[in-house]
Amino acid sequence: MVVHRELCKCLWGEPGAAGQRWTPHPPLLGGRVRVRPSGRKAPVTASASTGTQAPGGVEEVHILWTSEGMSCDGDTVSVTAASLPSLEDVVLGAIPGLPRVHLHNKVLAYETGEDFLRAFRQAARDELGPFVLVVEGSIPNERINGDGYWTSMGNDPDTGEPITFNQWIEQLAPKAFAVIAVGTCAAYGGIHAMAGNPTGCMGLADFLGWDFRSAGGLPIVNVPGCPVQPDNFMETVTWLLYQAAGLAPPIPLDEQLRPTWLFGKTVHEGCDRAAYYEQGDFAKDYNSPKCQVKVGCWGPVVNCNVTKRGWMDGIGGCPNVGGICIGCTMPGFPDKFMPFMDEPPGGSLSSAILGHSYGPLIRTLRSITNRTVNHEPKWRHNRSQLTSGYAPRWPRH
C-alpha cells in the first residue's frame, strides 16, 4: 500500500543514516491559537506545554459522522473514492499502528433509526469511549428559526421533540477527542451561507468559536472543498488516528485551521498550465490547454493541492481537466469568487503585464533556445573524420 511520503515524514520524522530505522517524533498533543494585535488568528502551533495529554495509546476509536447540517452529502460520496488511504483500509484495519475504527455514517451505515442513533446517544452521555466527531454541512442559526427548527437528527426520548443538528454538536464536540469539519460548508459555511440565505448558517468554528478545544486539546480541523478532495480528508483522519494512538505529533494547522501540508500551496503552484501564465499566454475560451486566468480561474490565489494530487487515484482535478478554479476551498467561497466565469480582479492587471512585456520576451527567448536544443550537435555523423573535438593523449599507430 502506497502511503503519502509527506505524511510519513511528519508522523515518523526524517529517516536516519543508511540501515537505521525511522525515528518517531514524541507523541505530543495539543495546540493553541494566538490572537495577534490585529485580531487575526496566528497559525496553530504544537506545544508540549499546553497541558493536554495523549489518551494513553487508544486501541479503539469511533468516528461519529453527522451530515444533518445544510448539506448535500457530497463529501461523504466523495470520500468513498479515496485511495491514499481508502476508507476501507482504515475501517478494516489494513494500516499498521492505527486504532480499530468503528464508522457511523448514515449514508454508509446498514443500521437505521434508533439502531444507528445508539452510538450518538451513548457518546452524548459520555458512555461510548474515545471518538472523533466529523461534521458535514453548514450549521444553521437556530436562534432565528421562528417556531420550528432548521435541521434535526432523531427525537429526544423524554420529550419526543426533534434534536437539532446544533444540539448534537453542542453535546458531542466537547467530548470528542478531535472534531473535523469536512467540506467547505462545514468549515466556513459554503454555498448555504452565501449572501441572502434565510438560515443564517455558518461554519463549525463560527458556531463553536475559533478558540474551541476538543477533549483531546485540539482545535477544530477544517478540511475544505466542495466537495472535499477524498485523499485530503482520509489523510487528515489518519493523522488524527495516529495521534489518538500516541504515535503522532499535533496536527499542524494554518490560521484558517486547515492542515498546512495540504493547503500550504496554491492551485497555481501545482498547475500544469502555470508555464503559460508565466509566458503571458492565456486561453481565450475553455477549449484551450493554456492558462485560464482570463476566463475566470482563481488558481493563483487559492489554497488547494488538487492540481498536484488529482482527484481519484491521482487523475483529474479542476484545471487538469479543463475546468477553472472557483476557489471552493476558501473561506470566502462562493461570494468572493462570483460571478464564476468572469476574470478575477487581479487577473486583468497581471495578465496585461505578462501578456504585453515580460511574457512575449520570455516566449521568444524560449522559442529560440527550444529550436537550438532540438538539433543534434554537428559532430554526430557517419563520415570518415572525427569532428567531436577529441584530442588523444597518446599517439595513434
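Cβ coordinates come from backbone N, Cα and C, glycine included.
Just so you know, TrEMBL annotations are computer predictions that nobody has curated.
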(request) Could you check which of 146-166, 377-397 is flagged in TrEMBL as region 'Disordered'? (result) 377-397
(request) Looking at the candidate ranges 15-34, 35-54, report the one that TrEMBL labels region 'Disordered'. (result) 35-54
(request) Look at the [4Fe-4S] cluster 1 binding annotation in TrEMBL, where CYS72, CYS226 are given, and name the residue from CYS185, CYS271 listed for that site too. (result) CYS185
(request) Name the secondary structure element type, per DSSP in three states, that contains CYS325 ([3Fe-4S] cluster binding site). (result) coil
(request) Would you identify the secondary structure of CYS291 ([4Fe-4S] cluster 2 binding site) according to DSSP, in three states? (result) strand
(request) Under 8 Å Cβ to Cβ from CYS328 ([3Fe-4S] cluster binding site), same chain, six or more residues apart: give me those in sequence order, or none if nothing qualifies. (result) THR184, PRO224, GLY225, CYS226, CYS304, PRO334
(message) Roughly how many Å lie between the Cα atoms of CYS325 ([3Fe-4S] cluster binding site) and HIS268 ([4Fe-4S] cluster 2 binding site), rounded to a whole value?
(response) 9
(request) May I ask which residues of the same chain, at least 6 positions away in sequence, place their Cβ under 8 angstroms from the Cβ of CYS271 ([4Fe-4S] cluster 2 binding site)? (result) TYR277, GLY299, THR307, PRO319, ASN320
